[in-house]
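Worksheet: the structure to be examined is printed underneath.
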Amino acid sequence: MTTPDLEDKSFDSFGLDDRLLSGLAACDMKQPTLIQNTTIPLALDKGVDITAKAVTGSGKTVAYLLPIFELMLRAEKEKRDIQTALIVVPTRELCEQVSKVITKLTQFCPHLKSLNVTQQLGDDVISSLLEEKPSIIVGTPSRLLKYAKEMDCSKVGYLVIDEADLLLSYGYKEDLIELSEMLPKTKHTFIMSATLNKESDLMKQQFCRSTVASVAVTAAEEERKLLQYYVKCSERDKFLLAYVMFKLQLVKGKTIVFVNEIDRCYRLRLFLEQFGIKACVLNSELPIASRLHIVEQFNKGVFNLLICTDEANKLAEASKSASKQTKEVSRAHEYSSTRGLDFMNVAFVLNFDLPLSSRAYVHRVGRTARANKAGTALSFVVPADQWGKDKVAKLDTAKRDEKVLKKIIKNQESQNMEIKPYSFDMKQVEGFRYRMDDAFRAVTTVGVREARVKEIKTELLNSERLARHFDENPDDLKALRHDKELHTSKVQAHMKRVPDYLLGRKGKLDPNVFVPFRKDDNKIHKKYTKKKKGGDPLKFKKRK
């Protein structure tokens with residue numbers, strides 16, 4: 001079935017338990033989104049299995065959690081056994097995020113306990129927690145499969161497969177099938193994703209019962225306030241445009257920059273440091289505790305510029321090439337900055353490196369324009385005739401940028417969305433090139449490697465040795481910043497300032513707009529000083 005035209009409803013109209021309504025109110029959730037309006041009644045009233053496709057940020061997590069909680073509470077009232085819910089997600093970060101949402105929604109239902117099996121706890125600790133029979137268990141397929149033998153799988157009544165397409169692309173298909181064979185055939189299944197393909201249809205046949213409701217909510221139906229642009233430029237000009245955009249503050253609000261390789265994220269960060277532009281990096285090499293803390297600080301506004309490595313691109317390449325190291329692929333299985341993570345109030349997304357597919361693009365730009373807020377996405381595209389001319393700035397995946405762009409445009413048009421070309425006034429930008437070249441030369445390959453090692457060592461120290469200290473002294477945690485300058489490349493102080501001659505006339509203050517505290521040339525004071533000139537300062541002259 002497709003999404004029907006629905007009138008605005010409130011959560012009260014679903015007949016939810018008062019405790020859940022109180023949890024929603026505490027989370028400041030007043031109005032259900034379109035996907036929630038569609039999914040919740042189907043799950044509660046008709047009891048069918050559901051496959052749902054909706055854009056990121058549309059509220060899919062709450063859409064499957066609420067009906068599960070409501071059915072559990074109804075079973076409690078009817079004095080029936082509460083069946084266990086398994087929530088399968090692709091990454092550890094997403095496990096943590098889903099667990100937090102569960103805690104908030106069930107804060108008035110203390111008997112509904114949840115467990116995240118991807119926590120950094122020992123196997124014995126996880127096993128002991130499973131013996132307490134939590135109502136909701138969250139984890140990645142491999143972790144859930146590991147502990148499934150210790151659980152009473154016959155009690156599992158609900159199965160959620162979140163970010164289904166990503167689970168398949170990460171090679172979890174066999175784990176999912178093995179897990180499904182251990183679960184009852186009568187389980188209530190939810191398959192959720194921002195993009196569903198033919199492989200997802202196979203999952204429907206594998207996991208769902210005979211009665212399945214398919215829900216699809218397009219970006220146009222969600223009325224997303226997303227503006228999308230692309231700029232065709234050379235590989236070196238990417239750095240020039242990024243410098244101009246961030247140094248002149250042409251971009252306002254929180255920004256996420258996506259690159260395709262870990263070395264690229266450190267090169268870009270060191271490059272921006274040359275101009276005094278602070279940024280933080282997020283990639284799979286960092287410890288899980290650091291990654292979660294970086295996302296938390298970003299959401300709190302501690303820093304506004306985040307450079308993310310899109311590991312999904314690496315996995316796509318690795319699946320095509322048997323020579324790729326399996327260690328890198330397995331590490332990236334547990335991480336993806338483009339999927340599921342709830343980056344809050346992101347105003348701008350910059351695809352510094354274009355993704356390898358239109359599907360990956362959808363997930364990237366989905367970080368902004370969430371929850372009915374406005375957002376902008378800009379993508380740098382390297383023309384085929386410009387690729388490979390700069391050995392240092394060269395990126396292998398950029399060779400296919402123009403082909404990928406055509407697929408992205410076609411995909412967006414099918415969603416009734418538009419991506420427009422954008423052109424910078426290169427005559428004005430050209431004046432900044434010599435400073436960009438100086439900064440680019442200062443960031444060497446050795447400097448990038450040293451920055452990468454230094455960052456990992458620092459984050460490991462923060463994650464392991466200081467974890468207990470921060471628990472006892474939470475105020476000290478405020479001093480921990482992830483966007484501090486790395487200083488592995490020599491930073492020239494003058495590069496942090498933008499000379500007036502580069503700004504041109506537009507960069508200078510307009511005397512018709514600028515209002516000083518004192519008027520020019522002290523004209524008022526001169527008026528009186530002229531009258532007093534030549535007079536006796538000791539002589540008092542009475543006014544007429």
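In case you wondered, yes, glycine gets a Cβ from its N, Cα and C as well.
Taken from Swiss-Prot, the feature ATP binding site applies to A54, V55, T56, G57, S58, G59, K60, T61, supported by sequence analysis. According to its DSSP assignment, G57 (ATP binding site) is coil. In sequence order, D342, G366, R367, A369, R370, A371 constitute the residues six or more apart from G57 (ATP binding site) in its chain with CB-CB distances below 8 Å.
As annotated by Swiss-Prot, compositional bias 'Basic and acidic residues' applies to 534-544.
Look at Swiss-Prot and you will find 41-214 tagged as domain 'Helicase ATP-binding'.
Per Swiss-Prot, domain 'Helicase C-terminal' is recorded for 225-430.
If you look up Swiss-Prot, you'll see 525-544 marked as region 'Disordered'.
Under the heading motif 'Q motif', Swiss-Prot lists 9-37. Long-range Cβ contacts of the motif 'Q motif' (9-37) within its own chain (Cβ-Cβ under 8 Å, at least 6 residues beyond either end) map to 3, 44, 52, 54, 58-60, 62-63, 66, 69-70, 73-74, 104-109, 215, 217, 221-222.
Annotation source Swiss-Prot lists motif 'DEAD box' at 162-165. Across the motif 'DEAD box' (162-165), DSSP helix (H, G, I), strand (E, B) and coil residues number 2 helix, 1 strand, 1 coil.
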**Message:** Quick check: with A54, V55, T56, G57, S58, G59, K60, T61 left out, which same-chain residues have Cβ atoms within 8 Å of the centroid of the ATP site Cβ atoms?
**Reply:** T33, I35, A63, A194, G366, R370
**Asked** Taking DSSP states H, G and I as helix and E and B as strand, how many residues of the motif 'Q motif' (9-37) are helix, strand and coil?
**Response** 17 helix, 0 strand, 12 coil
**Request:** Would you report the average pLDDT that the model assigns to the motif 'DEAD box' (162-165)?
**Result:** 87
**Prompt:** Relative to the Cβ position of T61 (ATP binding site), how many further Cβ atoms are located within 10 Å?
**Reply:** 22
